[in-house]
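The structure under discussion appears below in the form of structure tokens.
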Amino acid sequence: MYCSLLQVDIPNTAQSEDDVESSMEASKKDNVLRPLKMSKGDLYKAPTVEELNQLKEAESLFHCSLLKMQMEELLKEVALSERRKKLLDSFVEEINDLLQSVPETPVVELTDVSWLEDSAIDVPFTMVPEVNGKFHMEPPASVDLIGSYPLGTCIKPRVTVDLAVTIPPNVLHPMDGINQRYPRKRALYLAGLAQHLASSPEVGPLHFSCLHGNRLRPVLLVTPSGKDSSVTLRIHAIPPPDFLKPSRFHPQKNNIRTDWFTGISSEQEPSTPHYNSTVLGDHLPRPHLQFLTAHSDQCPAFRDAVALLKVWLRQRELDQGTGCFGGFLAAMLMAYLLSTHKVGKTMNAYQLLRNALHFLGKTYYISQHVSLSSLILDPTLRPEFHSAFQVVFVDPSGHLNMCADMTACTYKQIQYEASQSLQFWDDPTLDSFQALLMTPKPMIRTYDNVYQLSDMVKLQASCKKLSLLGSLMDHSGNYVLAVLPFTLSLLQRGLGQRIRLLVHSLPKDPEWSVYSEPPKHKDQPPLSFGMLLNPEQCFSVLERGPPADSPEAAEFRQLWGSLSELRRFQDGAITEAVLWPGSSTCEKRKILLKIITHLLELHADIPNSSVLFVGGRVHEVIKLRKEIKSTGEEESLKVVQSFDDLSRKLWQLEGLPLSITSVQGAHPALRYTQVFPPEPAKLESSFFKKEKTLNALLPQDWKACPHYINPVKVICHMEGSGKWPNERLAIRHIKAAFHLRLGELLKQQHDYMCQATPAHLDVWKDGLLFRIQVAYHREPQVLREKVTPEGLLIVRDNPEAQALEVETQHKPFLTSTLHGLQQQHPCFGAVCRLAKRWLGAQLFMGEIGEDAVDLLVAFLFLQPAPFTPPSSLQVGLLRFLHLLSSFDWRINPLVVNLNGKLTGQRYSKASRESLPVMFIATPNDHKASIWTKTGPSVPVLQRMVTVAAESLHVLEAQFAQPSQNHDIRVVFRPPLEAYDVLIHLKTKQVPLAAQAVDPSPITFPRGISKGEGGSLGGAFPVMDFDPVKLYLSELRDAFGDLALFFYDPFGGKVIAVLWKPKAFEQQPFKVSFKNAVVNEVATTAPNVEAIVEDFRIMGEGLVENVEPRTEKWVV
């Protein structure tokens, strides 16, 4: 973290027990809590040995003592209170008594559920195909607490207590493990329990669910009646101990017969490892609890370490759903580390958690054999597990793979998250606690690209084409789980080096009323695939394969089908290759979607319409024009290339009295962050009025406002010399002379059209306008110097010197630094443009500068913990909105560590109270926050945070349902209800109207002809002419003390006005007050009607109408 070690004065509370007890007794008598009275000697007493050990432990194990306190508070927060435990214990006792009184029922066929008709309870199992067998209800043989609650690792907020109800032996048959007889009897027994519990007034609404999404393992959810629903019991029906032989359920055994499942006999029966592990898992909850309890008793910090690991998993959405790494596996992992002596029994929770993450990040469950049992040490038994399952973690019995349902992609995700967490934890510049244990990581905000597979019923055709009958039988007809491993393998092969990590969503545990049918497989939520992209190769248009004569060529052709073709390359090689269309970055972003849809349709018969790109339409709001398939990257590159050429020519100029020391850009387009980068323009001279005296092209009153020409600012530093004067006015004269001389030389040597002014030199080049400003490095210092009447030289800072320093030093440095960041992360510029597009559309860009927004986005790339730097537009926008809405601006400064130069010790000296409300620290500005010194104000920042939070909520809801075809522009439309006055502008006079979020269908000619930029015939156009910007400046100058003015600089057609509350307070009369009404007691108040009329008069020709919303304010 960017903080020094927090020093906490810990008073010595080592009083005698008698003093403490007497003080407590005195407090009890009058029910008043009083502080303990301590003598001066006790207050300043030397620390005890125990206190010294605690301080030494905090210093050696934690980067900051604050981290230790944070973890201790987190453990207190997630632990169950004594009140909650009492509620749970009493409710468990009530349910236990009810379960002991379950009535017996007559013996019926398994298919006969008529005994449930009176209660309308439905069986939580799809009874297809039918199977023979007998069933009846009896009271359970035993009822036991299992799981995390008796172990002491149950944490909030989702508190669930597991109750194991043992099915009586008379209900079961030794051969029930075959053809789903046991799972069906299990489901029927749960239905019978639900029927009995539903009649009790102590029990609230009953629901069925599935244990980790496994349809073969339904559970009954029981809550108490009344308002307190924070207690949930999860009832499991399990068989008696040693009822079935574990050897019958080894991975290579078959317990689902083909002729029963399909009606067609088969000579060779496939193995059913997943079904076997499901049945076997029901036999072992009690032995597992005994095993974990024994290890937790040996290690005092075991329970706290498991709780921390569960929090870590929950924040990454890895603890729920099919194939998850839940709390049970977390406890088993910790027990494994203890039993194999990889961790010590005396370690604290922090050490145990770090070692567990290190083990997860370094151990490869897919190829390495991890076992808690001594029975599986025989190497001949290991292939059985690895051939049947992708991830192997064997339980203490040696028969059950506890990771049977986990895919290799899920474990790679866990492994990646663990290794990343350790890297972040070891970085002293990060708030590791906040990043790793407090920040949620939903899929759409974590992974660069997310693709959603909808219409799950279409996967039935995939099973048929891929001949997955054995897998379908193994998963009991769940075609989604049967197809999933093949789909993941196919995508991994096809995407190859384009991605760094492929993950998939974990199907959530379904939950339904006991009076409803169980959900069908087709009703499962869409399956999502998340990908971390490799920025260097993800958008490559060429997929180069093996040489045509190699054995791998046939495999490559089989993978890509008709798209594969032979190609000859410049190095002479003839190889198989696939070429994807895409000339612009905007088109290249669609290549991954094309690869996925092609592979799934070719190999799995999944139609293209079933694959959706989550957030794939975000780029539409920064597209230059509808007819152009570009989002501005190519246009920004043209500006940079033209600037580089101009810079070289400036360096090579001959005839200057002083040499040029540096040419630096100071414009957002030169760092790829201009929302709509300048495009080379070719003006139509007939559209303008030519002024011969000025040799300029002027706009005509009766025509639309001409095309806006955005000057690209360039800072040109001249070398220092003794000939430079030490007087500010003389320096400006010298700079004006340099502007004239530079213009003459560029005209003579390169035939550029130039126009010099005292403040800058405008150069027309390649259809772009560059504004060159000469700078002298000592000028800010000269502006700070002042000679007193006594002849003393004093140096005082002033706004003029600060502004010049920002323009000539800080902005060029920021532009060059962010340009380098763009080279490292190609997505940086586009995310900046999206962020500024959103801020502009919400009318906030007048309150926060472009440079500050670029720094906010740079923070997402430089310090992305717990994420990785964004590589796509949609995830960058989501993280920007999350940062803006969740960062604690009131307390914490945002440290943007450009080039890694800013250290914690350097920054910790700054005082938070003296800084702006939004403070952004950089290596060159770690005390003043020059980028946010003038704004945003506290009310505006609060409004930004509120709107960002709501926009994030809307976007995430839209991304969660991409099939609904939502309008992404909803979050870019500002809510205008909160403003007092709306000034509507004429579209004809808004030069950037085409850039609006919702552009008008009526367009006006702006004096631009199609084609590349060309010559203007010697006449200079009007530069940087935006009537709306000028009108806004006049409004703020005239009425800035009375109101705030908000406008979208990217084609907005409305200026929103918000009255300042203090503006309507009665003020003493002054002759200088304008727009005021004098009252009888010589006080003044704003004349609102006159002010609104002035809005209209000042904007004559530009303003369509002024809409005062008087119901929003009272004078």
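Placed from the backbone N, Cα and C atoms, the Cβ positions cover glycine too.
What TrEMBL lists as domain 'Nrap protein' is 161-296, 301-439, 444-604, 621-823, 825-974, 976-1106.
The average pLDDT the prediction assigns to the domain 'Nrap protein' (825-974) is 90. Most Cβ pairs under 8 Å with the domain 'Nrap protein' (621-823) belong to 976-1106, among the candidate stretches 301-439, 444-604, 976-1106. Per DSSP, the secondary structure of the domain 'Nrap protein' (161-296) breaks down as 54 helix, 24 strand, 58 coil. Counted with DSSP, the domain 'Nrap protein' (301-439) comes out as 79 helix, 5 strand, 55 coil.
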